[in-house]
Structure formats: structure tokens, C-alpha cells
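Summarising the annotation, TrEMBL assigns ATP binding site to GLY36, SER37, GLY38, LYS39, GLY40, THR41, ARG149, LYS192. Sequence annotations record features per position, and here TrEMBL assigns ribonucleoside 5'-phosphate binding site to ARG62, LYS83, ILE84, VAL85, GLY110, PHE111, PRO112, ARG113, ARG153, ARG164. Here TrEMBL flags ASN117 as CMP binding site.
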Amino acid sequence: MGTVVDATPAVVAEEVTENMLGGKKVTVVFVLGGPGSGKGTQCANIVEHFGFTHLSAGDLLRAEIKSGSENGTMIENMIKEGKIVPSEVTIKLLQEAMIKNENDKFLIDGFPRNKENRAAFENVTKISPAFVLFFDCSEGEMERRLLGRNQGRVDDNIETIKKRFKTFVESSLPVIEHYNSRNKVKKIDAAKPIPEVFEDVKAIFAPYSPKHFQMDL
């Protein structure tokens, strides 16, 4: 995979003539990386500096769990087992979130989690990502971060963390390889300190920078 140094500038996604968002044209960036690789932190920085809307597949699923619905109970049981939630469940939540939001630039964090997720998303929504932002980090560093964050999440225990690592390697890496073969992967060294990681992220998102000079006119 290319590094941040040699990565070509991100290009705006090709326009979609018809999709399942009521024809709304959007730019989508998939944000992938192992659990604890820092995706959420960097997504918050991208939102602040580049005007994207952050959609975390995990947060949407956890919100469904809190709703107390039958769907939420099924999702909770699967997450506890470190399993991947069925594609149609997550895609429906993502679609609803994009339709409700007035923005047209979205970071989709933690999805697609496997090849089936990827194919289903593109087939159902008719949307192809502009690129995939991949946060590359060692398992040792991710484990240290997860065990230290103490957020009270049901999946922040050592047994589930190990399952999540295994799931990522077996299921999510093939997704990254698929998009890499299409020159759509921007790889980040996520083991570095947060400010350094964001410097690399800014280089990739430069084409989306607000045109400050227009504000000064």
C-alpha cells in the first residue's frame, strides 16, 4: 500500500446519478483500522477542519441497542461475541443517517467490516467511496489503548478485544486489499502521537480544505 508521503491527493468521488438516498449526491470516505487504532479521534479532527459528517457504524449500532428494540438486542448479543452485525442492519442505519443529514460529505467509520458488507453497501446504496482511509497500527498498541480507555463498553475486555483483532484481520483486511487494488486506499501510520497522525491526515484531505481566501474577499 502507498504511504502518506507518496499518496496522491484525494479526488472528489464521481457523481452518482441514482442512489438510494433519494438521488442526493454524496462523497463518502470509508475509515478503517483495527479496534483502538484512533479512527474516532481523527474523524473528529476531520469533521472540525474539513466539514465532513462523521458516521460511526459502531455508534449507530450502539444507539440501536440503547433504544431497547428487538433489533438492538440481537445487535448487542453479536457484539459481545465479537461477531459482525448483518449488512442489511448496518446499511439501513447508515442510509437513514445520510438522508437525514443536510451535509453531502461523509466519513463512514468502521464499515464495511467484510467483503459482504462492502458488496452489499455498493449494491444497495449505489455509492462507491472516494477512497478508504486506513489507520495502520500494531495489535500490541491497539490493545494497550483499548484496555486503558475505560469507557465502560461491553467490548472493552481482553477476551472480546482478542476476538475483535481476529475478526479485523480475517474479515476487514480483505476489504482494504480490494480497494487498494483499485488505488483507493490512503494508509496512515496510526501508531504515532495523535498530532502527528493528524498532520498525515491533513495531507490527504487537503483537496477538501475550506477556501479561506474567499472569506477574506
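Every residue gets a Cβ built from N, Cα and C, even glycine.
Rounded to a whole number, the distance between the Cα atoms of GLY110 (ribonucleoside 5'-phosphate binding site) and GLY36 (ATP binding site) is 11 Å. Straight-line distance linking the Cα atoms of ILE84 (ribonucleoside 5'-phosphate binding site) and ASN117 (CMP binding site), rounded to a whole number, equals 9 Å. Each residue contributes its Cα atom, and for LYS39 (ATP binding site) and GLY110 (ribonucleoside 5'-phosphate binding site) those atoms are 8 Å apart.
Separating the Cα atoms of GLY110 (ribonucleoside 5'-phosphate binding site) and LYS192 (ATP binding site) is a whole-number distance of 20 Å. All protein chains included, GLY110 (ribonucleoside 5'-phosphate binding site) registers 22 other Cβ atoms within 10 Å of its own Cβ. A gap of 19 Å separates the Cα atoms of SER37 (ATP binding site) and ARG62 (ribonucleoside 5'-phosphate binding site). Note: the CA-CA distance between PRO112 (ribonucleoside 5'-phosphate binding site) and GLY40 (ATP binding site) rounds to 15 Å.
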